[in-house]
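Here's the structure we're looking at; comments come further down.
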Amino acid sequence: MDAAKDHLALPGGRAALRPQALPTALLPFLGLLALALLLPLTGNEYWAMIATRAAIYWVLVAGLNLIVGFAGQLAIGYVALLTLGAYTTSVLATGNVLPPLPAFAALGCAAVVGAVFGVVVGLPALRLRTFYFAMTTLGFATIVTQIALAWQDVTGGGIGITGPQMPAPFDTAWGFYYFCLGIAVLCTWATGNIARSRFGRALIAIRDAEVAAEATGISKPALLVSVFIFAGAMAAVAGGLFAGLQTYITPEAFTFELSLLFFIAILIGGRGSILGPLLGTILLTLLPEIAAPLAAWSTFLYAVLLLVIVLAMPGGIAALLDFASRRPLPANRAILPRPAALETLMRRRPAPGRLRLDNIMLAFGGVRAIDGVDLEVAPGEVHGLIGPNGSGKTTTLNVVSGYYQPQQGRMTLGDDPLVSGRPQARAAFGIARTFQTPRIIGEATVLQNVMIGGTIDGRATFLETLLALPRHHRDERHLEQAARLALEAVGLEMLASARADRLQHSELRFVEIARALMLRPAYLLLDEPAAGLSSEEIKRLGSLIQAISRQGTGVLLVEHHADLIFDICDHVTVLNLGRVLASGTPAEIRVHKEVVSAYLGA
Ligand SMILES: Nc1ncnc2c1ncn2[C@@H]1O[C@H](COP(=O)(O)OP(=O)(O)OP(=O)(O)O)[C@@H](O)[C@H]1O
């Protein structure tokens, strides 16, 4: 019953009630699967081996893609986890240490070991900048290979060890191929579920707009650890399968070139895509076979390929296949907010009490950016924060939203103290914000950008999402409906499916407000939202801000457009050189002598 109601609520009325057609995005995957299923008809076991290798590589790349392509973390040395999985499976299956385990049990153990080491390898990403993290993954790859060489009793050292023997019917070339293909299909499905969920969008937000991600309550450590566990387990399973395919493994089988292959498959495939890296993996597995005489040049070929991609098609295969983004957008479009949608979207939150700053001081070196600021915003109030350039307005917003830690003073929301230095904890208090320069994910659609704002409202866990359990579908349905309402409220619903990097600057400002509204904020902090807007757009922005405040949301508005401030604010605080110069109603501030001489002018 609920699902039927949800369908009725979607724009499109009757059409939305028809049975859903197969999403076009699935067609290339089904085409590839059909080809893969038909491959045994060739009867050529050499091709069985190549296709099995491609499937195994994809099992690793599918997980790694979430780390590199989605989260933007440079994990170059992922061959380490392939090595670890290959040796764990082989050692357990041959019984070098314990009584021999069946191949499937050994693979399962490898997955657990891979999950643990996936986190160990990944942990530096939570602290180190990208290139240093890349170096640590490479270092880990070297360590694993050296241990495999040195620990002769267990791994066979340089002589090697036999890979696991698969039971019937997977003990033939084609049987093993189908087994690997099955796991590859499962991985594609599972990573696809993550990609189309709040977790996938949060990963891209961490990559492209980390500060905005924090402001919406996304916890980078928790999210990355979940992904490292999944990708590590998948890479180790790929390692076990790799050992099965090779039948015999030595440390030399796990080269740096292999690590490069995984990494470059994702880059040529395109960031934030699944189809692109899948095609990239197939291409790079086939390349040495097609160009066999060039096998010795493979590192060189990869480097050339990488250069060509970076220079000629930075979006990779995915961008080439993204036909929807090339369709023209309506030329004479206008932003027409419809505040009526706010009523449904904002369903009142419990009244949070006043937002208070008492005697806040923050200095950068010798510069006192704010110096003993007192400020109080009431629920439902539009509070203007104005002052000359460098007077401390943005610093005040950054203190309220948790980015800066004041050296002195106290902040409270109602009776709760607001602890500094944890910006991702502000969303749970219902504090949302926009930025002086819009922090938007250009490669995602407008709708996805807005849905990111509601990430903390989702209830499904990472595992539930991976397996597409019902709570995941419920989350997605609710988030999409809320995001469409938020877009309608700010007047951008017609651009929902457009890529955000195709929008005009003024539209991006409204997208940021829509994203902030997804939190149904108790307090909304707006940093110069009218900058770059036409006078007509500023009027519409003003009405929108007032409509938001009528829902009970307190708005702290930093702005240089004095007309907007005096038109819509209930209260105005003026900063000068980091101190409060004046505070009062717009009428009082307009005629305040010091304010006029320091800021407003004659
Ligand atoms: N991260 C920082 N490091 C050092 N100094 C800073 C930093 N952020 C702000 N400041 C300094 O603090 C003071 C207040 O800056 P802030 O950006 O808060 O002013 P503002 O009122 O928002 O200015 P504008 O209207 O130009 O945005 C300025 O002197 C600025 O140079």
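Here the Cβ of each residue, glycine as well, is placed from N, Cα and C on the backbone.
What TrEMBL says about a protein is an automatic prediction, not a curated fact.
Fair warning: this is a prediction, and the values are worked out from it, not measured in the lab.
Feature annotation from TrEMBL assigns transmembrane segment to 20-43 (among others). Distant neighbours of the transmembrane segment (20-43): 51, 55, 174, 177, 181, 185, 188, 275, 278, 282, 321; these residues of the same chain sit at least 6 beyond its ends, with a Cβ under 8 Å from one of its Cβ atoms.
As annotated by TrEMBL, transmembrane segment applies to 55-81 (among others).
As annotated by TrEMBL, transmembrane segment applies to 101-123 (among others). Counting only same-chain residues 6+ beyond the ends of the transmembrane segment (101-123), those with a CB under 8 A from a CB of the stretch are 67, 73, 75, 77, 80-81, 84-85, 88-90, 92-93, 95, 136-137, 140, 164-167, 224-225, 227-237, 239-241, 244.
The transmembrane segment annotation in TrEMBL covers 130-152 (among others).
The transmembrane segment annotation in TrEMBL covers 172-191 (among others).
Residues 49, 52-53, 56-57, 59-60, 62-64, 66-67, 70-71, 73, 78, 81-90, 103, 106-107, 110-119, 121-123, 125-126, 160-166, 176, 179-180, 183, 187, 190, 194, 199, 202-203, 206, 462, 466 of the same chain, all 6+ positions outside the transmembrane segment (223-249), place their C-beta atoms under 8 angstroms from a C-beta of that stretch. Positions annotated as transmembrane segment by TrEMBL: 223-249 (among others).
Among the features that TrEMBL reports, transmembrane segment is placed at 261-287 (among others).
The transmembrane segment feature in TrEMBL is assigned to 299-321 (among others). If one looks beyond the transmembrane segment (299-321) by at least 6 residues along the same chain, the residues whose Cβ comes under 8 Å of a Cβ in the stretch are 28, 256-257, 260-261, 264, 267-273, 275-276, 279-280, 284, 287, 291, 443.
Feature annotation from TrEMBL assigns domain 'ABC transporter' to 355-602.
Long-range contacts of the transmembrane segment (55-81) within the same chain, counting only residues at least 6 positions beyond its ends with a Cβ under 8 Å from a Cβ of the stretch, are 36, 114, 117-118, 121-122, 125, 130-131, 133-134, 137-145, 177, 180-181, 183-184, 187-188, 190-191, 194-195, 200, 203-204, 206-208, 223-224, 227-228, 230-239, 241-242, 245, 254-256, 258-263, 265-267, 269-274, 277-278, 280-282, 284-285.
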